[in-house]
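Colleague: Copying in the features that TrEMBL gives for the protein in this structure:
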- 6-25: transmembrane segment (TRANSMEM)
- 32-50: transmembrane segment (TRANSMEM)
- 78-98: transmembrane segment (TRANSMEM)
- 105-125: transmembrane segment (TRANSMEM)
- 145-164: transmembrane segment (TRANSMEM)
- 185-212: transmembrane segment (TRANSMEM)
- 218-238: transmembrane segment (TRANSMEM)
- 277-343: domain 'J' (DOMAIN)
Amino acid sequence: MAKRLLMTYALWAVGGPAGLHHLYLGRDSHALLWMLTLGGGGLGWLWEFWKLPSFVAQANRAQEQRQSSGRGIPPLSLIRFVAQMIVGIYFGLVALISLSFMASFYIVGLPLAVGLGVLLVAAIGNQTSDLKNTLGAAFLTSPVFYGRPIAILPISLAASITAQKHRRYKPSAGSETLSVRLYRLGLAYLAFTGPLVYSVLCNTAVALSYVADTLGSVLRWFSFFPLLGRLLESIFLLPFRAWKLLVGDHGISSSYFQEWAKLYEFVHGFQDEKRQLALQAFGLSEGATNEEIHGRYRELVKTWHPDHNRHQMEEAQRHFLEIQAAYEVLRQPRKPRASWNWE
């Protein structure tokens, strides 16, 4: 049955980030990728608006195209290679958060997750790649940086190069029922999200620690490229700045702020934000001396000590905790940016 462009656009608009239009066109790998990444973070979903006519045309001639192209090699695609790298890293990060308790995680779990992410992108559309060679490259590369989250990068790079080297067109195959396809997609989705949800809900502190360590390693990996490192820091800080804009400034002792502090301990830009909040709580400006900070601390402690403010105990306690937290931040010596930052 021929696929219709109007129906494809309707499904793209209604359930595009969940991959409904790809499911309609028989592009199950693409549908799964969109389910796991919410349409590539929304950007991939928007970019597809101009690609839908070609997707529909490809779906309508899929049988003939596969039969006629099965003996050839698909053209090399830089976009597909970059997407394989990104999705491989994404799968590796998710595995690090949810499966790192495994005894053989860095030898088995991590390369398997990264390799499957690369293969998922390789199988989009009418192309695919060799499963054994791609996973083999991932496993062979896993000892590099063994035991460190940064191992995700070389594993993803090796698997992506191998997947591109062994790219081929998908062979012709009979059509499957929708129920079978949905069953397969559902199992894949649960296998990906189940361990992640369990880890986040039941081991929140551990999950935050793994995320911080991983992203910190990524930033250190890009330390040879100062501008790119600064750009990545800005991107990592976007969720915090959006949260701060939406809920306002609740002070440096806010429990929510403390959770952000755990997550962003590795980001130099966040330490600057934290110091600015501490100075703001003390009513001081940048460049204040240690004597000024200590003197201001003693004044504020006397002013807001709960024993001296029994008529407004709750407000005094909140200010007192904020003063203590701000003083702890300002007491710490400022860490200079790494030598690769040109200042």
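From the backbone N, Cα and C atoms, a Cβ is placed for every residue, glycine too.
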Colleague: Compute the average pLDDT of the predicted model within the domain 'J' (277-343).
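Modeller: Mean per-residue confidence for the domain 'J' (277-343): 77 out of 100.
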Colleague: Treating G and I as helix alongside H, and B as strand alongside E, what does DSSP give for the domain 'J' (277-343) in helix, strand and coil?
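Modeller: Across the domain 'J' (277-343), DSSP assigns the residues as follows: 46 helix, 0 strand, 21 coil.
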Colleague: Please indicate, using numbers and ranges, the residues of the same chain that are 6 or more beyond the transmembrane segment (105-125) and have a C-beta under 8 Å from a C-beta there.
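Modeller: Residues packing against the transmembrane segment (105-125) from afar: 27, 29-30, 32-33, 58, 80, 83-85, 87-92, 94-96, 99, 131, 134-135, 137-139, 141-143, 146-147, 151-152, 155-156, 159-160, 163-164, 167, 170.
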Colleague: Other than its close neighbours in sequence, what residues sit by the transmembrane segment (32-50), given a CB gap under 8 Å and a spacing of at least six beyond its ends?
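Modeller: Same-chain contacts beyond the flanks: 12, 16-19, 21-22, 87, 90, 120-121, 124, 185, 188-189, 192-193.
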